[in-house]
Amino acid sequence: MMNKICLYLPLFFSSLTMANEPVERVISLAPHATEIAYAAGLGDKLIAVSEMSDYPKEAGELEKVSNYQGIKLERIIALQPDLVIAWPAGNPAKELEKLKQFGVPIYYSTTGTLEDIANNIEQLSQYSDDPSKGQKAARDFREELTALKAKYNTTEKVRYFYQLSEKPIITVAGKNWPSEVFNFCGGENVFANTAAPYPQVSIEQVITRQPEVLFTSRHAMSDDGMWAQWKNELPALRNNHVWSLNSDWINRPTPRTLNAIIEVCEHFESVKRKR
């Protein structure tokens, strides 16, 4: 279960193993990396992607060479890519090392901040035929972030709980993705200080922390009524502050994260207006 969840939650940092020059055959090994590749102007160079790469629509038509269980090492080598966009937090380290041993150039993408989304687009754009496309996408992303920061009041905090899965109940802690999206909007994570990056928690622990807002997503719950019996114990339920987020927007650090920010910030603003 945790491996499946991690497919949506990449950690963002990047490193390059080759000189920046245009490439012709690109493989992406994570859904967020696929979206970043398109934004960077490499969409027409992609020849294979990860199993859950479904955006943009064209990505869904490409050959699938990885999933939460691992990567198809022999197939990737046979495709002779001149750039693989890898995700160290989700792709097996031993398999990535084997790709390197076969001389496959790898761009490593892991997570950190919203700014890293723009940085990764810029870096990958250097491998496209027209780097200006990716540079513009990165610039537009930064400008929209600035506009959103000016629009929403983030000084007044809202205590929230974000549910990543149902059985077991898993959430996010610390600065791990997508915590920064919620922080951007003035959110205060009720499990922020938990040691594990994606801790398993109990219903009782959630109730004890009394979140004002409870966020889920379509990937998080099969039973929409799992919290209903706790309405009297949870402020979020008593005040109808339970919302389902678009999991692709919120869990993948890509240009579409801007949509997640708007979604989360609007929910928080509605809570503040009722105070």
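Counting starts with 1 at the first residue shown.
Quick reminder: no glycine exception, Cβ is built from N, Cα and C everywhere.
Given the structure is predicted, the values throughout are model-derived calculations rather than measurements.
Features as listed in Swiss-Prot:
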- Cys185-Cys265: disulfide bond (DISULFID)
- 25-272: domain 'Fe/B12 periplasmic-binding' (DOMAIN)
- 1-19: signal peptide (SIGNAL)
- Glu74: site 'Important for BtuC binding' (SITE)
- Glu204: site 'Important for BtuC binding' (SITE)
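When secondary structure is read from DSSP and collapsed to three states, Cys265 (disulfide bond) falls in the helix class. The average pLDDT for the domain 'Fe/B12 periplasmic-binding' (25-272) in the predicted structure is 95. Cβ neighbour count for Cys185 (disulfide bond): 25 (other Cβ atoms within 10 Å of its Cβ, all protein chains included). The CA atom of Glu204 (site 'Important for BtuC binding') is located 47 Å away from the CA atom of Glu74 (site 'Important for BtuC binding'). DSSP gives Glu204 (site 'Important for BtuC binding') a helix state. Around the Cβ of Cys265 (disulfide bond), the same chain contributes Leu148, Lys151, Tyr152, Phe184, Cys185, Gly186, each under 8 angstroms and 6 or more positions distant in sequence.
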